[in-house]
Amino acid sequence: MTEVAGRPGTSGGLALRAGQFVFAAASICAMASAPGFTNYTAFCYLVASMGLQALWSLGLGCLDYYALTLRRDLQQALLMSLFVVGDCVTAILSFAAACSAAGVVVLFERDAYLCRRDPQLPCGRFEVAAAFAFLCWTFSAASALVMSWLLASL
């Protein structure tokens, strides 16, 4: 089997999953702490996408931990195919959500100047949530690339 950093069942794979989960949860918390985020579709989509990402990465993180403790090999063709599809789907959804939320934040701050006009609008929290979503996406994209590489090498 190919020795790639971040493959499932290793500490590198567990670290990738932990990073995905932590940044997805941080993005959800930052957005949920912003009053009125439900008035904007892009922010609701960000919360939904990060929720899916958090569940996916938590599940696979538990599987990685299980494989590490019992010294199991997770590099089987069927499992790898499932990991590739799941990682690619969640990476695409995370990127789309992060971009849409960041686009709305830029619109509010730089184009429409809504953040200056309405000091009650929690633009800083919106920014932080979008930034955490992009960080989550970097871990998710790295994991998707590793899984694709491993599936191609089987």
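For all residues, glycine too, the Cβ spot is worked out from N, Cα and C.
Here Swiss-Prot flags 1-17, 64-87 as topological domain 'Cytoplasmic', drawing on sequence analysis. Residues or ranges marked as transmembrane segment by Swiss-Prot on the basis of sequence analysis: 18-38, 43-63, 88-108, 131-151. According to Swiss-Prot, the topological domain 'Extracellular' annotation covers 39-42, 109-130, on the basis of sequence analysis. What Swiss-Prot lists as N-linked glycosylation site is N39.
When pLDDT values are averaged over the topological domain 'Cytoplasmic' (64-87), the model yields 90. Non-local neighbours of the topological domain 'Extracellular' (109-130) in the same chain are 27-28, 30-31, 33-37, 43, 46, 98, 101-102; each lies 6+ residues outside the stretch with a CB under 8 Å from one of its CB atoms. Beyond the ends of the topological domain 'Extracellular' (39-42), by six or more residues, the same chain brings 97, 100-101, 103-104 to within a C-beta distance below 8 angstroms of the stretch. According to DSSP, the secondary structure content of the topological domain 'Cytoplasmic' (1-17) in residues is 7 helix, 0 strand, 10 coil.
Counting residues per DSSP class in helix, strand and coil order gives 15 helix, 0 strand, 7 coil for the topological domain 'Extracellular' (109-130). If one looks beyond the transmembrane segment (18-38) by at least 6 residues along the same chain, the residues whose Cβ comes under 8 Å of a Cβ in the stretch are 44, 46-47, 50-51, 53-54, 56-58, 61, 94, 101, 121-122, 125-126, 128-130, 132-133, 135-136, 139-140, 143. Listed by sequence, the residues of this chain that lie at least six past the ends of the topological domain 'Cytoplasmic' (64-87) yet keep a Cβ under 8 A from its Cβ atoms are 1, 7-11, 13-14, 17, 56, 140, 143-144, 147-148, 150-151, 154. The topological domain 'Extracellular' (39-42): residue composition by secondary structure is 3 helix, 0 strand, 1 coil, according to DSSP. When the topological domain 'Cytoplasmic' (64-87) is classified with DSSP, helix, strand and coil residues number 18 helix, 0 strand, 6 coil.
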